[in-house]
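Only one structure is covered here, and it is reproduced in the block below.
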Amino acid sequence: MSDEKVRASIDAARDPAQPVLPTVNPNIQKRSEPESASFHPAVYISTWIALSSSVIIFNKYILDTAKFHFPIFLTTWHLVFATVMTQLLARFTTILDSRKKVPMTGRVYLRAIVPIGIFFSLSLICGNKAYLYLSVAFIQMLKATTPVAVLITTWTLGIHPPNFKTLGNVSFIVLGVIIASIGEIKFVMVGFLFQVGGIIFEAIRLSMVERLLSSAEFKMDPLVSLYYYAPACAIMNGMVCLFTELPVLTMDDINRVGGFTLVANAAIAFMLNVSVVFLVGKTSSLVLTLSGVLKDILLVFASIMLFRDPVSLLQAFGYSIALGGLIYYKLGGQKMKEYLAQGSIAWGQLGQTRPILRKLMIFGAVIISFFLVIGSLGPRYAPESTDKIYSGIGNMIADKGV
C-alpha cells in the first residue's frame, strides 16, 4: 500500500506533456562509449586548403616554370601513383573498407566506371594542358563556371528539368567570369579553349555519376572513387600518352625536373584525396563553400607573388562578382541572409571580447588588398620596379631558407 502511494506521488509530480523515458544511468552509458580522438575542424580545413593549393602551384611549376611540357605524362603518372597507393591502402589498412559495401561487378565497372573514367581523363588532360598557356589566377577564375556547366549538362541529359530561376542565379557567375576574361592581360585562346574543354568534360563526368551511380548503394567517398577510377584512367591516359608525348619524352626531360620532384608531386596530389575523406562530415556546407572561395582567393594571390602573373582591376572586379554569385548559388538567398546576420552578431561580439584580434584581422585584410592592388597594377604601369620588388622578396626568402 505504501509502495502504491509513492508511485502515485511520483506520477503526480511528473509533467504529463513530457514523454515517459526508461531510466538509464548516464554515467554508465558515458563510460561504455569510448571517446574518439579528433582534431578541430580548422585542422582539416587548413590541411585541405594547403594541399589543394600546393597541387595546383606544383603542377604549374613543373609544366611551365620547369619547362616539363608533358601534361599527359604527368597526369598518367599521378594516376599510376594513385592506383598503387589505393591498392596498398586497401590491402594493409581499413581506410578503404567502405568499398566492400559497393556492389561493384564487372558489368557495372564496364558500363559506369569506364565511361565516367573517360571523361575524367579528358578533364585532367585538358586542365593540365591549360597550365602551359594561362596563369593560375585566370584558370581559377574560369573554374568558377563549373557549377553552371554542371547545371546546363544535367538539363541537356534530362537528369533535372530546366529551372530558369536557377539559371538567373548562376548568371552572375557567368557575367563575372566574362568580365574577368575581358580584363585578362595574358589571354591565350588555345589555353582558354583547353580550360573550357576541361570544365565541360568535368561537368559531363559529374552528371554521369549522378545518372549512372545515383542509388544509395553506389555512394562512394573520394578515396574509394579513386580506388575504382584510377586504374581505368591510368590505362586510358597511358594509351594517349603512348602516341602523343612518349615518343618525344627523354630521360633528360625527367632528369631536368628530378625524380624526387615527380614523386613529391604525385604524393601531394594523392594526399589531397585522402584529406577530402577526412574533411567530409567534419564541417558544414557553409564552411566548405567559404573554404573553397578562400582557397581560390589565396591561389590568385599566390599566382601574383610566385609566378608574377598580372591581375587587372577589371579582372579582380569580375572575379568578385563570380565568387559572390557562386556563394549565392550554393547557399541560397535565405541562407545567406541568416549567415550574414549571424556573422554580423559574431563580428560585434569579437570586437567586444577580443578587440586586438579583430584589429589584426582588419590589418591583415588591408595588407592583402594592398598587395593585390600592387600586383595587378605593377606589371602594367611599372614593370621594372615590380621586378625589383619581387626579386627582393625572393632574395629575402632565399636568405631565410639558408
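The backbone N, Cα and C atoms fix where each Cβ goes, glycine too.
Computed from a predicted structure; not experimentally measured.
Copied from TrEMBL, the annotated features are:
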type: TRANSMEM; residues: 41-62; note: transmembrane segment
type: DOMAIN; residues: 42-329; note: domain 'Sugar phosphate transporter'
type: TRANSMEM; residues: 68-88; note: transmembrane segment
type: TRANSMEM; residues: 108-125; note: transmembrane segment
type: TRANSMEM; residues: 131-152; note: transmembrane segment
type: TRANSMEM; residues: 164-182; note: transmembrane segment
type: TRANSMEM; residues: 188-206; note: transmembrane segment
type: TRANSMEM; residues: 226-248; note: transmembrane segment
type: TRANSMEM; residues: 260-280; note: transmembrane segment
type: TRANSMEM; residues: 287-307; note: transmembrane segment
type: TRANSMEM; residues: 313-331; note: transmembrane segment
type: TRANSMEM; residues: 360-378; note: transmembrane segment
Can we call the transmembrane segment (108-125) and the transmembrane segment (68-88) in contact, meaning three or more C-beta pairs below 8 angstroms at a sequence separation of 6+?
yes
Interface present between the transmembrane segment (260-280) and the transmembrane segment (68-88) (three or more C-beta pairs under 8 A)
yes
When counting Cβ pairs under 8 Å to the transmembrane segment (260-280), the leader among 41-62, 131-152, 188-206, 313-331
41-62
Among the recorded stretches 131-152, 188-206, 287-307, which has the greatest number of Cβ pairs closer than 8 Å to the transmembrane segment (313-331)?
131-152
Same-chain residues at least 6 beyond the ends of the transmembrane segment (188-206) whose Cβ lies under 8 Å from its Cβ atoms
116, 119-120, 122-127, 129-130, 132-134, 139, 142-143, 145-146, 149-150, 152-153, 181
Should anything in the same chain at least six residues away from the transmembrane segment (131-152) have a Cβ under 8 Å from its Cβ atoms, list it; otherwise answer none.
56-57, 59-60, 63-64, 69, 71, 166-167, 170, 173-174, 176-177, 180-181, 184, 186-188, 190-192, 194-196, 199-200, 202-203, 206-207, 296, 299-300, 302-304, 307, 309, 311, 315, 318-319, 322-323, 326, 329-330
By a Cβ-Cβ criterion of under 8 Å, what residues six or more beyond either terminus of the transmembrane segment (164-182) are in contact with it?
138, 141-142, 144-145, 147-148, 151, 192, 314-326, 328-329
